[in-house]
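Undergrad: So that we are looking at the same thing, I have put the structure below in structure tokens.
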Amino acid sequence: MSVQSTIRRKTAPDIRARKGGDPIVMLTSYHAHTASLVDRYCDAILVGDSLGNVMHGFETTVPVTLEMMILQGHAVMRGSQHALVVVDMPFGSYEASKEQAFHSAARILKETHCGAVKLEGGVRMAETIRFLTERGIPVMGHIGLTPQSINTLGSFRAQGREEGSWEPIEADAKAVAEAGAFSVVVEAVAEPLGRKITETIAIPTIGIGASAACDGQVLVLEDMLGLSPKPPKFVKRYGDLGPGIEAAIKGYAEEVRSRAFPGPEHVYGMKSKA
């Protein structure tokens, strides 16, 4: 006899059903502690490969490994109860073949217990998305600016801002939707294009630097908390935690050096004899 939790976690079909409804709220998290905070207010938590930048100081997401994603995905699952947890498939874990993608995605789901995976690419990845979804793996797509392709893009620049540049991105959105993805992240595209894609495809769009018309929004948690020194244009800072954290560390260092910490209230005395 198994013991089932009475708390119901959101699923990929729940997010899919939100098309055209209340906006979907999503943030990134890589730790159990932040996941528990994000979980209170968000519909979905993205364990993004942006952890390579945020946690490890990489310049791009390319060096991130499958093992890194699984480790942090498991942490986020332990820290959350309600939100759908989506784990990024890192560069090199799914592009070679749809079979490679299945084995990587299956590992992520089995070892983290998350509810879905996310992968980058539109038309070129449609066959893989279909292969995964037909085999029981919920997939969130990612089009527009695709950071894992930085070495071919050359820079992290917004997409679809020139005349005649919309068609490939629109084709990507359509391909991802028709392949069976339950939603798609639309990153750093011209606002009118983000709006048009949202109006055109049947699955929810989750914007990041796209349009307020998208079916939902996502940001990197550390960016919106003010912990990133140079966040992208599309980030709104809802907090300024950086200076506060620095002040706390400075205060701690000063008190340790002056022997003001630990004080009497922070140490243990001897037990009195009975």
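Positions of Cβ are set from backbone N, Cα and C atoms, glycine also.
Annotation comment: Swiss-Prot describes Glu187 as active site, proton acceptor, evidence class sequence analysis. Feature annotation from Swiss-Prot assigns 3-methyl-2-oxobutanoate binding site to Asp49, Ser50, Asp88, Lys118. Per Swiss-Prot, Mg(2+) binding site is recorded for Asp49, Asp88, Glu120, and the stated evidence type is sequence analysis.
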Undergrad: Check the DSSP secondary structure of Asp88 (3-methyl-2-oxobutanoate binding site), expressed as helix, strand or coil.
TA: strand
Undergrad: So of all those binding-site residues, Ser50, Asp88, Lys118, Glu120, which one's Cα sits nearest to Glu187 (active site, proton acceptor)?
TA: Glu120
Undergrad: So which of the recorded positions is most packed in, judged by how many other Cβ atoms lie within 10 Å of its Cβ, out of Asp88, Glu120, Glu187?
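TA: When each Cβ's neighbours within 10 Å are tallied, Asp88 leads.
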Undergrad: Once Asp49, Asp88, Glu120 are set aside, which residues in the chain still have Cβ within 8 Å of the Cβ centroid of the Mg(2+) site?
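TA: Surrounding the site, in chain order, are Gly48, Ser50, Thr61, Val64, Met89, Pro90, Phe91, Lys118, Leu119, His142, Pro147, Gln148.
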Undergrad: Sort out for me which one of Asp49, Ser50, Lys118 has the most neighbouring CB atoms within 10 A, since those are the binding-site residues we care about.
TA: Asp49
